[in-house]
There are 2 protein chains.
Amino acid sequence: MPLIQLVAEKIKEHAMVTAGETIVVGVSGGADSVSLLHILYMLKDELKIKLVVAHLNHRFRGAEADADAKFVSELAERWHLEAYVESRDVPAYKNTRGVSAQVAAREVRYNFLSEVATKTGAARVALGHHADDQTETILLHFIRGTGTRGLRGMLPVRDNFFIRPLLTIRRKEIESYCKQHGLAYRHDASNDKSKYLRNRLRLELVPLLESQYNPNLIQAINRLGEIIREEDEYLDQQAGKAYRQAKLASGGGTVRLDRDRLLAIPLALRNRVIRMAWFEICGDSDDLEYKHINKVLEIIKGGGGYRQIALPRGVTCVKNYNLVEFTINHAKEAIPFYQYLINIPGITPIPEVGMSVGAQLLAREDVPELSGAEPWEAFLDYDSLSMPLVVRRRLNGDRFMPLGLDGTIKLKKFFIDNKIPVNIRNYIPLVVSGADIVWVAGQRPGDKWKVTDETITVLRLYINDYGKNSCIS
Amino acid sequence: MPLIQLVAEKIKEHAMVTAGETIVVGVSGGADSVSLLHILYMLKDELKIKLVVAHLNHRFRGAEADADAKFVSELAERWHLEAYVESRDVPAYKNTRGVSAQVAAREVRYNFLSEVATKTGAARVALGHHADDQTETILLHFIRGTGTRGLRGMLPVRDNFFIRPLLTIRRKEIESYCKQHGLAYRHDASNDKSKYLRNRLRLELVPLLESQYNPNLIQAINRLGEIIREEDEYLDQQAGKAYRQAKLASGGGTVRLDRDRLLAIPLALRNRVIRMAWFEICGDSDDLEYKHINKVLEIIKGGGGYRQIALPRGVTCVKNYNLVEFTINHAKEAIPFYQYLINIPGITPIPEVGMSVGAQLLAREDVPELSGAEPWEAFLDYDSLSMPLVVRRRLNGDRFMPLGLDGTIKLKKFFIDNKIPVNIRNYIPLVVSGADIVWVAGQRPGDKWKVTDETITVLRLYINDYGKNSCIS
């Protein structure tokens, strides 16, 4: 089957795009992203999508990187595509945040792509990861130690926002596609240096395993990834049910669970349930390691009354007879001020608090029961909102009109009335339109935009939908 | 913690032995099996177990192997342990069966160990596999392509019969244990040759991964194995439930499933359910590959009326509207005559039909409801049976007195009356005591040994308990 058709089928299989949407394509200039752009270009009329090109210069490779940027700009111009080509100081970001070059590049790039999506009203961002990349990801997770989660590899669709149409295609197929269609592309020389672990894996380990142990390595590992992905999703669903059953209360940086119900959960799900509790108060799964989960499981299993353990990020877990309680102790000054435009529809990461805000547009009739809304989601009347929406940390003097109230009150008073501890208040993202607080995330939406019988389009906002998708990967 | 105590805890954790039991210890003469024997020797009074040494000369390594056998014999004599040291022609077995040297050695060795257990009335066989072996197993499965099952590695307890007390202990810990206790051991020089894939993995790949990618490789992979083991067990339980719900009928080499109920099963479990159907008619999971399962899933999902596909081993899968049917078409002459002593309690493999017979002794009050017996199990009055029991293929002239009947009938007539197709009759194992057929496996037990109110001890016989333990690994 020709590659274009194969990719078209994958796009259909995973419902990667919807007719009428704008798609941002991340183009580095390499063979994979150039052919991704070309394939989507060939399919754009059939899929009824509009393409926007996005390229980021990470400022790690000087003149060479400038030439890449020029190459992508010219490509977009030749194909008459709108393009956003920008340069950001990733080396500085790396130093400020104290992370590796790869992590810095990844964070800045994903933020950049989300921003381009916001500016252009795009619903998704397409990325050029292919089957060989996937093998490397899974292999690396396997060798470095991981639970099931790492073995599933990258997702074809992540957060309903990032899509990877080439994920099952081999690198050599992509290269011969470029050859066949006369597509020029840039070669990133830093990929040839075996200094980086990832490059060493690609240049040395994968070829060794292919020649000495299994010529079909890529196929075998990617198939495993697919199986694990399905199983992982199923296990998460089951764990999500168990978590909701074991939960007594949550909010204000605390989750309370029923110990007897925790103990009744099958062993295979119990560590996922602990992870979900962590996720609910921390907003991601970083820093929670296997050994921490084991410590928690130990005090849950152990007899006696009161036991307390300290976990990373100032989280404590207390067991007190039949109660198990996780609490996060955020220092007030730990969260710097931040402000981001919200992608609608889409996901907006807030690295400062390790959370993200998701936004979805729904027809009124697709929102069955508003009383069923959980604290981590809000349903609003889309047409009565003034755009753009922004998510930011609170500021002194913020005022708020909570759902059900007639006038505005100081946000501070709202926090006090709702018993939100001082030390977590800076941790709560506010969704804001102009000077109005639209949603105090995890707490209460504003009254002004409530869904009524007249509402036509509903905006669903949510903080990391952990019930369905327990970890952001 | 001293190694002995660590192993004692693992034995307790997995309930590897019961007081009063005899344990056969497989001793090759290497550091791992010698230290296993020593540790169990040191624990034998505390655990109230009796030890029997078993050593098999595989006849692959001439004089060196003879010296190994002598070494083990002398060791057992010095420690005053009963020992079975035998030599079998594995090279001939390898050639007859057309399998690799490793597979041949494995099959002959496991049969030998089961036989020693039968002769000595031992309840279990202890094997010396350690954490480094486990890593190699998991790594090999990962590289060669596997589902979740392969990643769980070897089980600490398999079939409630084979136990592996050293499975979490590192090779270097075992070697220093030998040094510390002045234990001599034999070195198998064939382990140093990188000719064999497994040796290459141990000698080249694992050290490379440890030095270049993760110094804690062994720990990381074994932890993954443990997580996967729990998840795999849970997924199997869920799939077992789904399988029983989807099953309309089975027997006579056929399984009938309800298509709508199959389609309602979560994707993550569906391939396991197909595997269970295969297992029920074939007795193991060999030869059923991912691509076959996919073909089955495809015709199940597809619309239309009649569809038929051929699977390995003469199995066909037919979809006919809402019916999905698996049938095995065994050629009459395909099964050679075989005869094995049955291990009670224990597992007796029947390689000729890819099944095994399990035997368990239960107190009368522990057998709740005999009407609940499935075709693949039989409950008999243990005290009225004459020992030993044997499992064998049918012979011309076999006669049988089925449960509920007053006199004997020809087995052939029984098959005809019960609509067992000619082509699968040789495939049905018969459990025999002297000239009496005690159980036509999968069909009917004999009347003479039925459980009554006078029964004190019940013998439970079963063919591969796939509900609980869907694949023999």
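Here the Cβ of each residue, glycine as well, is placed from N, Cα and C on the backbone.
According to TrEMBL:
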BINDING   B:Ser28, B:Gly29, B:Gly30, B:Ala31, B:Asp32, B:Ser33  ATP binding site
DOMAIN    B:389-461  domain 'Lysidine-tRNA(Ile) synthetase C-terminal'
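When pLDDT is averaged over the domain 'Lysidine-tRNA(Ile) synthetase C-terminal' (B:389-461), the result is 85. Each residue in B:Val27, B:Val34, B:Ser35, B:Leu36, B:Gly128, B:Tyr185, B:Arg186, B:Asp188 lies on the same chain as B:Ser28, B:Gly29, B:Gly30, B:Ala31, B:Asp32, B:Ser33 and has a C-beta within 8 Å of the C-beta centroid of that ATP site, without being one of the site residues. In the three-state DSSP reading, B:Asp32 (ATP binding site) counts as helix. With all protein chains in the displayed structure included, the most crowded Cβ environment within 10 Å among the binding-site residues B:Gly29, B:Gly30 is that of B:Gly29. Counting only same-chain residues at least 6 apart in sequence, those with a Cβ under 8 Å from the Cβ of B:Asp32 (ATP binding site) are B:Gly128, B:His129, B:His130, B:Asp133, B:Leu166, B:Arg171, B:Ile174. Proximity of B:Ser33 (ATP binding site) to non-local residues of its own chain (separation of 6 or more, Cβ distance below 8 Å) is seen for B:Val25, B:Gly26, B:Val27, B:Leu127, B:Gly128, given in sequence order. For the domain 'Lysidine-tRNA(Ile) synthetase C-terminal' (B:389-461), residue counts in helix, strand and coil come to 14 helix, 25 strand, 34 coil, using DSSP. Long-range Cβ proximity for B:Ser28 (ATP binding site), meaning a same-chain Cβ under 8 A and a gap of 6 or more residues, is found for B:His55, B:Asp68, B:Val72, B:Gly128, B:Arg186, B:Asp188.
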